[in-house]
Amino acid sequence: SCLPNLSSTVHRISALESLWPAFLAALSFSYLSKTLSGTIMKSSITQIERRFDLTSSTVGFIDGSFEIGNLLVIAFVSYFGAKLHRPKVIAVGCFTMALGSLLTAMPHFFMGYYKYETSSHTASSANLTSSINPCSQHQDVNETLLEVSQSGCEKEPSSYMWIYILLGNMLRGIGETPITPLGISYLDDFAKEEDVPVYVACLHTIAMLGPMFGFLLGSLCAKLYVDIGFVDLGNITITPQDSRWVGAWWLGFLIGGVTSFLAAIPFCFLPKSLKKPEEDNDKTSYGLLENMRKKLTLAQSKPRKWSVILKDFYTSLKKVLSNRMYFTFLCCSLLQFNSFIGFLTYKPKYMEQQYGQSTSKSNFLIGLTTLPPVGIGIFLGGLIMKKYKMGIIGATKFAFIMSFLAYVTTLLHFFVGCENHVVAGMTVSYEGKPIPYHENAIFSECNSDCKCASNVWDPVCGDNGLTYVSACLAGCTTSVGHGKSTVFQNCSCLAVSSSWTGNNSVTLGQCPKSEDCSMKFIYYTVIQVISGFCYALGVKLTMSFPVISCDIFACFVPAGIPAPVYFGALIDKTCLKWGSTSCGQQGACRLYDSNAYRYVYLGLSAVLRGPSYLIGILFYILIKKDFQNKKSRPIVNGGREDAPINKEDNCKIKEHLPGSSDVENESCI
């Protein structure tokens, strides 16, 4: 009578073992979806800034709301996640990410069509047969335009719709929190010990595809007009290179939301636990003791009061921070993360403003030229570590050298920047001579007879190579064509240019950067590839240390929240020309001082990273000193000071860390 029960038990165990590949595949897809969604936000920063007329600091705060979401639930996940049904908790997290992505995209469907600022409100009318006179010489024309503007202001939805994006990004942060800790702990509990590093490596490899696909998807969405399918694109007078262009930013979030939703479904059908594969027969006594301890801990675990939990948390935190080696690395990583997060957040924007690239092309190049070299670097770093059997001292030294080499390489960016856009009345005079940016004067004798608006940004490119803030400020009196092909003629300000004797006509949009700037952009891209590759070589090595693979969350969150804000605030200081909304309020920045932007953006990143290497030297000294002290202790790893790292050795190393706590040691038992 026991045979049927025995048979059903065997079938149940076999079924649990067969679900193991399903869990690994589901977890891999969830990793892909979370990195994809995160990169879509980074690639859409500029679009969101323009669509909602925000400053860079405000959009940086929106970006940092993701880490705020992490903070809200990390304590709950850390203490109670392992006691709950982990696959279902991960499923809830993925569903929450999907909801956050969809909420982020929702404002697009409630704000109406995008109305970019223009000085010629009827210039895009396709059935227009009469010529437009941008130089409004009669006051009643300006009054009519003002009435239209005020009417549009009254009908405009609330300017606080960006709050939904902030809440959506925060929800996405809440949803992503349980995926990594619970997924890795599930792997650790129910996979062979020797297979766990392989599985984790596969997860991180697949996760690397998310940023690449995210930036490529962001590039595609940025190329599409924000209201594509709902407006006649023939009437749109701006191009993707224009600083007023807004792409289909919402489309990427819809795709990210669907991906996260699909990632959640498999976890709903996975069991709370799986059958752990049998270990080899030559199992060590250490492994047996580890299994016995796990069983004993589970048997004795009882619910505890919140006061006891908080007291234990405070005690554990105090002991961990008292570990000199851990605290030193924490400070070093905090500076590095602040630099990297701020740098990455505004990297597409920097490429647009410094080199005149479109948002679409910037995202495409980041996805194609930056991320693949990083992936290759991480892979080669692992091979180097395996081939030369690096121990903790050798790996620390190699990682420090590679990171410092990458830092020195990035300093070359200061020498491959482009000059300011040549804008009459702002960066140069109407005669074409450079002027200080604080002395800009967009009004001149050549346009004194025109009643031009001073707060409108509707740039035109003159045949003389100068960009004018608007056709009115260029002194143009007639036009031909419509839409993007509109050409303004009889522009009096072109005749003021000292060396110009050609046609006095202008076309829509800013004048392109010089060929020399295009060459410098190639140098910039090469520097990015080399520095990213060098830094990635050391990443694989540092992640192998017990003290370094502590909790990256402790470094990422304090950097992820403030870094985009103060980077954005300093970038706002370099703005030369702010846009204006239909209500006459300040909009997004349209033109930056390229030189000031370069020094602020690159300089702040360099200043943050520089001191981290001094702290890194101290970290290396502490590690080396610790191993030198072990020479007088029992022989470990055959007496080799720099022996290869493995899991059991990590625990032994951590037991001897200066100031190491009991909590750390228990994590190795």
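Glycine too: its Cβ is placed from the backbone N, Cα and C atoms.
Annotated features, as they stand in TrEMBL:
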TRANSMEM  13-33  transmembrane segment
TRANSMEM  54-77  transmembrane segment
TRANSMEM  89-110  transmembrane segment
TRANSMEM  198-226  transmembrane segment
TRANSMEM  246-270  transmembrane segment
TRANSMEM  325-344  transmembrane segment
TRANSMEM  364-385  transmembrane segment
TRANSMEM  397-416  transmembrane segment
DOMAIN    440-495  domain 'Kazal-like'
TRANSMEM  521-538  transmembrane segment
TRANSMEM  600-623  transmembrane segment
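Within the same chain, the transmembrane segment (325-344) packs against the transmembrane segment (600-623): three or more Cβ pairs sit under 8 Å, each pair at least 6 residues apart.
Most Cβ pairs under 8 Å with the transmembrane segment (397-416) belong to 521-538, among the candidate stretches 246-270, 364-385, 521-538. Counted as Cβ pairs under 8 Å, contacts with the transmembrane segment (246-270) are highest for 198-226 among 54-77, 198-226, 364-385, 600-623. If one looks beyond the transmembrane segment (364-385) by at least 6 residues along the same chain, the residues whose Cβ comes under 8 Å of a Cβ in the stretch are 43, 201, 204-205, 208, 211-216, 218-219, 347-348, 351, 357, 395, 398, 525, 528-529, 532-541, 544. Non-local neighbours of the transmembrane segment (54-77) in the same chain are 38, 41-42, 45, 48, 89, 100, 162, 165-167, 169-178, 181-182, 313, 345-346, 349, 553, 556-557, 560-569, 571-572, 588-589; each lies 6+ residues outside the stretch with a CB under 8 Å from one of its CB atoms. Taking H, G and I as helix, E and B as strand and the rest as coil, DSSP gives the domain 'Kazal-like' (440-495) the counts 10 helix, 11 strand, 35 coil.
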